[in-house]
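**Q** Following this message is one structure expressed as C-alpha cells.
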Amino acid sequence: MQNKLAKLLSYILHPIFMPLWMTAMLFYFYDFALLINEKGMWFILGFIFVFSICLPLLWIWFMYKVGIVKSLQMPAREERRLPYLMMLFINLGLLYSFSEVMKVGGMVSASFAGISLVLLVLNFSNVFFKISAHSTSITGLLGIFLAEIVCYGLKSYHSFYLMMVLLIISGFVMSSRLLLKVHTLKQVWYGAFFGFVSGFLGVYLFNVLRG
C-alpha cells in the first residue's frame, strides 16, 4: 500500500508537471497581486500544458519507440540527458514568451526564470552524477516561491500556507523516492539542496537583472 501511494505521488509530482503546478499555485495564492483576468490565467495554463508537458512526453515516447531510451522511467543517467535538455529549452522559451512577448507580469516570468535555472543545474549535475530530479524540482518550487515572497513583499497568510504546503509535499516526495528505492539518501538530499538554491537564485537574479 505504501509503495502504491509513493508511486502515485511520484507520478503526480513528476518534474515534467512542475511548471504547470507552479503556475497554478501562483494564480491560486497570489491572484490578487497579478494583473491577469481569469480567461488569461486559463490561457496561460493551457499554453504551459501543451509546451511543457505534451511536447516532452511525445519526445520521450518517440525516443522509447526508436530505442534511444530503454524504459520510459529512464533510470540510467545517460538516458535522461536529451529529455532534460529539451525541458530546459522549452522552459527558456516559455520564459521568453511570458516576459518579452506576452508581457504577463514579473511574478510569472520570474517563476520561469527560477525553474529554468533549476533545470540548468539538473542538466549540469546529470553529466557528472545522478541526483533525484523529483527532489530537485519540488524543492525548486520552494526556493522559487520563497524568493517571490522576498522580492515582491508577499508577506501574508497566503504565503505562510503556501510555504507550509510545499514543505509538507517536499517531505512526502523525498520520502517516496527513498521508499521506492530509486535513489539513495545522498541523491535525494543533493537534489533537494540544488533545487532549493537554484530556484531561489533564479527568481532573485531575474529581479536584480530586470531592475
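The backbone N, Cα and C atoms fix where each Cβ goes, and this holds for glycine too.
TrEMBL annotations: computationally assigned, not manually curated.
From TrEMBL, for reference:
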- 12-30: transmembrane segment (TRANSMEM)
- 42-62: transmembrane segment (TRANSMEM)
- 82-98: transmembrane segment (TRANSMEM)
- 104-124: transmembrane segment (TRANSMEM)
- 136-154: transmembrane segment (TRANSMEM)
- 160-180: transmembrane segment (TRANSMEM)
- 187-206: transmembrane segment (TRANSMEM)
**Q** With Cβ-Cβ distances below 8 Å as the criterion, list the same-chain residues six or more beyond the ends of the transmembrane segment (160-180) that contact it, or say none.
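**A** Distant contacts of the transmembrane segment (160-180): 2-3, 5-7, 9-10, 13, 25, 29, 132, 134-135, 138-139, 141-142, 145-146, 149, 188-189, 192.
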**Q** Under an 8 Å Cβ to Cβ limit, what residues of the same chain, 6 or more beyond the ends of the transmembrane segment (42-62), are close to it?
**A** 16-17, 19-20, 23-24, 27, 36, 69, 72, 74, 82-83, 86-87, 90-91, 93-94, 97-98, 102, 104, 108
**Q** Should anything in the same chain at least six residues away from the transmembrane segment (187-206) have a Cβ under 8 Å from its Cβ atoms, list it; otherwise answer none.
**A** 109-111, 113-118, 120-122, 125, 129-144, 146-148, 150-151, 170, 174, 177-178
